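Listed in Swiss-Prot for this protein:
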type	residues	note
BINDING	Cys150, Cys153, Cys203, Cys206	Zn(2+) 1 binding site
BINDING	Cys167, Cys170, Cys189, Cys192	Zn(2+) 2 binding site
DOMAIN	5-70	domain 'J'
REPEAT	150-157	repeat 'CXXCXGXG motif'
REPEAT	167-174	repeat 'CXXCXGXG motif'
REPEAT	189-196	repeat 'CXXCXGXG motif'
REPEAT	203-210	repeat 'CXXCXGXG motif'
ZN_FING	137-215	zinc finger
Amino acid sequence: MAKRDFYDVLGVSKSASPEELKSAYRKLAVKYHPDKNPGDKASEDKFKEAGEAYGVLSDKEKKQNYDNFGHAAFEGGGGRQGGGFGGGFGGADFSDIFEDFFGDFGGGQSRGRRKTNNRGSDLRYDLSITLEEAYEGKKQDIKFSTTEKCNTCNGNGSKPGHSPDRCTVCGGNGKVRSNQGFFTVQQTCPQCAGSGEEITNPCTDCNGQGNKQASKKISVTIPKGVDDGTRIRLAGKGEAGSKGGANGDLYLFVNVHSHDLFKRSDENLFFEFPISIADAALGTTIEIPTIDGGKAKIKIPDGTQNGKQFRLKGKGMPYMRGSGNGDLYVQVNTEVPISLNKEQKALLEKFREIENEKSNPSIKQFFQKAKSFWKN
């Protein structure tokens, strides 16, 4: 079968830059790599074909020969080979292409012993507080289960007086090699999980793990103004890492209980206060509670309508990030009386007889609009 044009194989033009060649090859190599397509002969052939094309076009001298003479430049017996292709990939460097995908790649020397330090797991703790506690902020002791570094072996997993041995599978490199077509791929050692070490004399307290289960108690600070659903990160308070790895983090998820009187929206609080028809009509002064445990007075002017809001500046929740407080909004709800006695009914009947349109402007406007609607 005739070989395909190398530029067609990579899907690039003859004027493609080295970066464009590398990018095109990487996409094909990742797509058709045998590790991603085990047992797929067609993918393996395309993988090899792409590698052959890139091996030529990425080399300046070979590319020039190919541009001048095509595939004939690399056929045996000719004097035009300029070092030859020889069926392999010559001096092309593929390691940088696969570094982020496969780790150390190719048949080169190992970059030295690599120890895998495993970071500890993050933990979650759900903490419930009242709205008053969210207003004031608080310190609280919490207790939770976690893992801590074993003090007996100082976290290395070996008995006191012993040290981990070099892994017998990877020789301490943390990686093993396997052949994939034209390539030799270095992968994480399955025996030592990349640490390069084996525990041959395990610590009896932690069974060679380096960590132990523990119950931990710490004091946490809940800042003023914390809202429901706030997540607080406590760095390094999670589970212990292994093989010298860093601890994970502890995340506090704050649940602020709903309040019987106050409703919250961001840093503002809302409060509903019922008043009688007489107080709404004649005006009055009301006294309301505030979230800090104090009291505040509000003057209700005569003629106050149902649902009217009054703003008390700075009487809301503290800003969690910054200074100052939100506001408290008090909404007055006019309550219509029920179960009236004879005297109350008589007074209201008298009031109905003497009330006029001026006293009820909204009613007057409504009937004016209604009459206009009915006429039309």
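Each Cβ is built from the backbone N, Cα and C atoms, and glycine gets one as well.
This view paints the features noted in Swiss-Prot onto the structure.
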{"residue": "Cys150", "record": "Zn(2+) 1 binding site", "contacts (Cβ under 8 Å, 6+ apart)": "Gly157, Cys203, Asp205, Cys206, Gln209, Gly210, Asn211, Lys212"}
{"residue": "Cys153", "record": "Zn(2+) 1 binding site", "contacts (Cβ under 8 Å, 6+ apart)": "Lys159, Pro160, Cys203, Asp205, Cys206, Gly210"}
{"residue": "Cys167", "record": "Zn(2+) 2 binding site", "contacts (Cβ under 8 Å, 6+ apart)": "Gly174, Cys189, Gln191, Cys192, Ser195, Gly196, Glu197, Glu198"}
{"residue": "Cys170", "record": "Zn(2+) 2 binding site", "contacts (Cβ under 8 Å, 6+ apart)": "Val176, Cys189, Gln191, Cys192, Gly196"}
Report task. With Cβ distances under 8 Å as the criterion, find the stretch in 150-157, 189-196, 203-210 that has the most pairs with the repeat 'CXXCXGXG motif' (167-174). Result -> 189-196
Report task. Tell me the Cβ neighbour count for Cys192 (Zn(2+) 2 binding site), meaning other Cβ atoms within 10 Å of its Cβ, over all protein chains shown. Result -> 26
Query raised in the report: For Cys206 (Zn(2+) 1 binding site), what is the tally of other C-beta atoms lying within 10 angstroms of its C-beta?
Result: 21
Requested in this report: Determine, for the Zn(2+) 2 site, the additional residues of the same chain whose CB lies within 8 Å of the mean position of the CB atoms of Cys167, Cys170, Cys189, Cys192; present them in sequence order.
Outcome: Thr168, Val169, Gly171, Gly172, Asn173, Gly174, Lys175, Val176, Pro190, Gln191, Ala193, Gly194, Ser195, Gly196, Glu197, Glu198
Query raised in the report: Excluding Cys150, Cys153, Cys203, Cys206 themselves, which residues in that chain have a Cβ inside 8 Å of the centre of the Cβ atoms defining the Zn(2+) 1 site?
Result: Asn151, Thr152, Asn154, Gly155, Asn156, Gly157, Ser158, Pro202, Thr204, Asp205, Asn207, Gly208, Gln209, Gly210, Asn211, Lys212
Report task. Inside 10 Å of the Cβ of Cys189 (Zn(2+) 2 binding site), count up the other Cβ atoms and send me the figure. Result -> 21
Report summary line: Cβ contacts within 10 Å for Cys203 (Zn(2+) 1 binding site), all chains included, total 22
Query raised in the report: Under the DSSP assignment, what numbers of helix, strand and coil residues are found in the repeat 'CXXCXGXG motif' (203-210)?
Result: 0 helix, 0 strand, 8 coil
Query raised in the report: Which numbers of helix, strand and coil residues does DSSP report for the domain 'J' (5-70)?
Result: 48 helix, 0 strand, 18 coil
Report task. Work out, from DSSP, the number of helix, strand and coil residues along the zinc finger (137-215). Result -> 0 helix, 35 strand, 44 coil
